[in-house]
Amino acid sequence: MTATEATPLLGAPVDSERLLRKGFFSPYRRVLLATFLLSTTFMFTATPIYYAYRVFNCQEYYKDPAHPPYEGSGDACAVSAIETGTARDITVMVTLTTFSATLNLIVTTWQIKNWGLRKAIVNQTFWPALRNLTQIYATLVGGRQGIRTMQLTQLITILGGGAGYMLSSNSYMAEVVAPAERTAAFGVLQGVAMLGVANGYIWGGLSNDFFGLSAPFEITFCLLVASTLFTALCLPYIPPGGYPTKPTLKDDADSVFAFLHCLRVFLPARYADGRTARFWGRPLLAFGAFWSVMATSYVPLMLQLTATNQYGFTPGDNGFMMSGNALSRAAFLTLAFPRIIARGRAAFVRRQAAEADSTPAGGAPESQDQPPASALAATPKTPGAGFDLAFLRCSILVDGMLVGLLVFSSRPSHIWAAALILPLASGTAPAAKGVLLEMVPPDRKSDALSAIALVETAAQIMTVSLYGALFAALSAIGRANWVFVFNALTAVLSAGVLAAVRLPGGALIQK
C-alpha cells in the first residue's frame, strides 16, 4: 500500500524495512548528506557575523567626535571600548538566537507530528533564507542600524533554523537505523555535522577576506535555497507519527503544546514490579546534560573572541581555527566514537558475563509471588548499554579538565592547540541521547529526543546570558581567560550529577 499523509509510521512495516535498507544512496546516507549541506550553510556566516559586529562597533566608535580618526598603522578597532561593545552586542544577538531556537523547537515538533519529517526540515531552511536577505541589508548600512537589524532578525529563527534542523535530523536518524546502532549513529550524525561546520567556517571566512563583508551572507542565501530543494526532493517521506487519521482541530491545538508535554519523560518513574523506590535516572540525566551544555557550548565562541581581541585574528584566521576544531571533532565522532562504543560495549558484556559465571548457581529459592517475567525484564534493550553511560561521565570530566587549562594560555599557539585538542573529549551529546533512548519505550523516542533538545537549548540560553556577561566583565579588567575556570567547574558539576545516573533495573510503568 502506498504511504499517504494519513498512513501511520508504526503501522507500516514495509516502509520501516525500506528505511533501514542499506545502499549507496540509502535513507541513512541521504540524511547524512543533508546534514552536511545544512551544517555548511548555517555555519557559513558564523565567523563573518562576529567580525561584522566588530566593524559596526568600530564605525560607531569613530563617529563620536570625542574619538579622532585613527592615524596609526595598526588595527584601528583594537580598542578596549570597541571590544567590550562587540562582546555585549554579540551576547544580545546570541541570546535572541537561542531564545528563538527554543520556540523553533516547539514549532518544529508540531510540524513533525502534523506534517511529517520532510516538510518540517524543509521549513528549517526556507525561513533562514529570508533572514539572510535582511542580514545582507545590514552589512550594507553598517553601524548601529546594522547591529540592530542583525539582532532583531534572529527572531525569524522561530519559524526555521539550526535547532529545528538538528532535531529533524536526529529524528530521521532514529527512524533509519536499528535500535542497537542509534548511539553510534547519533555520533556519526554529529560528526558529519561537524564536517559541514568546518567547511562553512573555512569558506565563510575566506569569502569575507577576499570578497568583502556582504559576500558570505550572499553565498549563504544561495546555499539555503539549494538546501531547501535538496531536502524537499531527496529525503525519504515519513508520515506524521501518532495519527492514524488526519488530525482534528483539537489534535492540532493539543499538539502545539506537545513539545512541553514531552518533558514528562524526565519525571521519576515507578517500577512495574511494585517496588516502592522510584527510578530517578532520567531526571538526573536531564540535569547532568543541562550542566554539560553549560560547560561546553560557549567555549568555541570564547576561543574566537579571545583570538580576535588578544591576538588579532582575522575572520580568515578564525575560520581556519574553527574549521580545524570542527574537523577534529568530526574525525573523532565519525571514526573513533563508533569504535569506542562498539568495543566498550563488548568489553562491558564480557565483564557482566564473567561476573554472572562467578555467581554461585545455588542461590535462594525463587519466590512464589514473583511478578511476571515481562515486568522484571531489564529496560536497556542493547547489550552493554551501560558502557554508554560510563563514557558519558568520563567525557564531560575530561572535557572540563582540558578547558580549565586554557586559563594559562598566553600565545596564539595555545588557542590553536585548544581548538584541535578539545574535540577529542567530545561525544557527550550523542552519548546522552543514546542513554536516554535506552530508558524509554520505542513509541516515545521522538518525545525523548525533543525533550533532550529542549534541555540543551535552555542550557544554551543560560550559558549565553551568564558567560556572555561574565566574558564582557572580565575583558573590561583584562582577565578574559579566567572565564575558562568557570567552564571547568561547571563540567565537574555535570560529571558529579551524571555519576548518580543509573540505568533502570527493571521494567518501568510508562505514563
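In case you wondered, yes, glycine gets a Cβ from its N, Cα and C as well.
Computed from a predicted structure; not experimentally measured.
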Transmembrane segment per TrEMBL sits at which of 330-349, 390-409? 390-409
Test the contact criterion for the transmembrane segment (184-203) and the transmembrane segment (90-110): 3 or more CB pairs under 8 Å, pairs 6 or more apart in sequence, then answer yes or no. no
If you count CB pairs under 8 A between the transmembrane segment (415-436) and each of 90-110, 152-172, 215-238, 284-306, 448-474, the winner is 284-306
